[in-house]
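As annotated by Swiss-Prot, GTP binding site applies to ASP23, HIS24, GLY25, LYS26, SER27, THR28, ASN140, LYS141, ILE142, ASP143, with the evidence given as sequence analysis. Positions annotated as domain 'tr-type G' by Swiss-Prot: 11-193.
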Amino acid sequence: MNTPSSKTPLSHIRNFSIVAHIDHGKSTLADRLIQSTGGLAEREMSEQVLDSMDIERERGITIKAQTVRLHYKANDGETYVLNLIDTPGHVDFAYEVSRSLSACEGSLLVVDASQGVEAQTLANVYQAIDNNHELVTVLNKIDLPAAEPERIKEQIEEVIGIDASDAVLISAKTGLGIPDVLEAIVHKLPAPKSEGGDTAPLKALLVDSWYDAYLGVMVLVRVIDGTLKKGMTIRMMGTDAKYQVERVGVLTPKMVAMEALGPGEIGFITASIKEVADTRVGDTITEDKRPTAKALPGFKPAQPVVFCGLFPVDAADFEDLRSAMGKLRLNDASFSFEMESSAALGFGFRCGFLGLLHLEIIQERLEREFDLDLIATAPSVVYKLFMTDGSERELHNPADMPDVVKIAEIHEPWIRATILTPDEYLGGILKLCQDRRGIQIELTYVGTRAMLTYDLPLNEVVFDFYDRLKSISKGYASFDYQITEHKEGNLVKMSILVNGEPVDALSMMVHRMAAEKRGREMCEKLKELIPKHMFKIPIQAAIGGNVIARETISALRKDVTAKCYGGDATRKRKLLEKQKAGKKRMRQFGKVEIPQEAFIAALKMSDE
């Protein structure tokens, strides 16, 4: 493989990303491109080279953006440098996608020739178009018997509105059509532009950062103007932090050291940065002595949207959980956590996530990579409380809700959801959206598929909306959303009381109209799960002081009159009265043990 020279002319660089829905073959295509340009030898190829986390490979999703630099000798005899940034496809990581896209000039739009366009493809394509990308359409999996390239081309033109007549037909699995993709990248995608050239003050985009056990934080950068050299003192314009660059290089996907990176190039730097949180995706990097006049637009720190409590099943694992979370945060600055304690579950953490998939992935990584057993409380969103004294505050945890008398209004976040589904499932999906307080914005048909746009409260989506959508549509519907605004809602805090004691881990915010149904389901579920005690246990769902649902677990009863044969009835009555008095005393002082399984099942209640 030829060694990368640091001075590649701009006209010979192509920066591109691959936009695709989950499972449409994005990572496999990336593998083929690496293989056919000699980026890795045959023996070093593993399936999905760029998806380095086990979870990424298993779930078939890309979570962190990864990059690779390829050298390609085109049919015109020239050698081009191709920088591929592999972007996440899932809605939770939309900000990572937008930053990755802004580091490129073009995108490959990969669509499965048997499945067609999905909701997430749409969202990412519109982001690519917003970034003024040139698009090359690639139809993958054309070796499948179910592939219908002509129908899908029409669908792309109808749904997305771009010309797909010259789409490249490939099969990433067998390698068919890969050379055509490489030629299309070189001839159809534009070269990067640099206004100042390599002598201008340094201006570079921070595309991503990750933690390496040996080198500390590694930062992936795209140089816009100027030159990024070893030994230079750089400054992050968003956080104003300064660092000295220790090493500069590119990923092929192995690390290759270089002296400098010039305009249009994508590579990595290390600079003794201790935490990933200090490097914010989307920030502008410049030279400290000779800074650029203006930072790049569009930088915003990631805000957590969904919160939930994570508690160790065994209290002895608390310190292990703390250190595991610290390690994950090194690699994922959008994940936040703080300590909280619950009367029912002991010590744990209140964690903030970008969305539900993000929550699931963090929980799964904690359990798998650090071997922890965890209980997650019901997810909640960020509510805005407008108080009667004119102040405003955010509520992340329903258990911290202040007295209702002090609250003037509660505002909850709403989302704009796009759902694509085969039309035979439309009725069920419309009903699901209506049950979740959705407001229909539009409904359009594309061939045999319906495209729905709905406004929905995020509170109704975080529970189990996605699972319900998949089960109604037998897995065919796809779903994508953006958070739009906070609106006033008729929301109440529902508490669950067991034997008159509130259980903090089970309290949740619900809409007043749905409270009774939700409360009844919860009480019934707990009645099945809590074992019988020697005394009667009432389980109640309450809003403030009003009980809205109740179930009672009957007492285990010992037959105290068994030893009385015949004889006086008053003798039996005396024993029964004594038993009754004992049970009354027990109920007053007795503690109800709620097993861990009951918590886990009650919190999963909405998945059914």
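Cβ atoms here come from the backbone N, Cα and C positions, even for glycine.
Fair warning: this is a prediction, and the values are worked out from it, not measured in the lab.
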Position of peak Cβ density within 10 Å, selected from the binding-site residues SER27, ASN140:
ASN140
DSSP on ASN140 (GTP binding site), three-state: which is it?
strand
Secondary structure of SER27 (GTP binding site) (DSSP, helix/strand/coil):
helix
Around GLY25 (GTP binding site), how many other C-beta atoms are within 10 angstroms of its C-beta?
24
Residues that sit under 8 angstroms from ILE142 (GTP binding site) by C-beta distance, when 6+ apart in the chain:
ALA113, PRO149, LEU169, ILE170, SER171, LEU176, GLY177
Across the whole of the domain 'tr-type G' (11-193), what does the mean pLDDT come to? Round it, please.
74
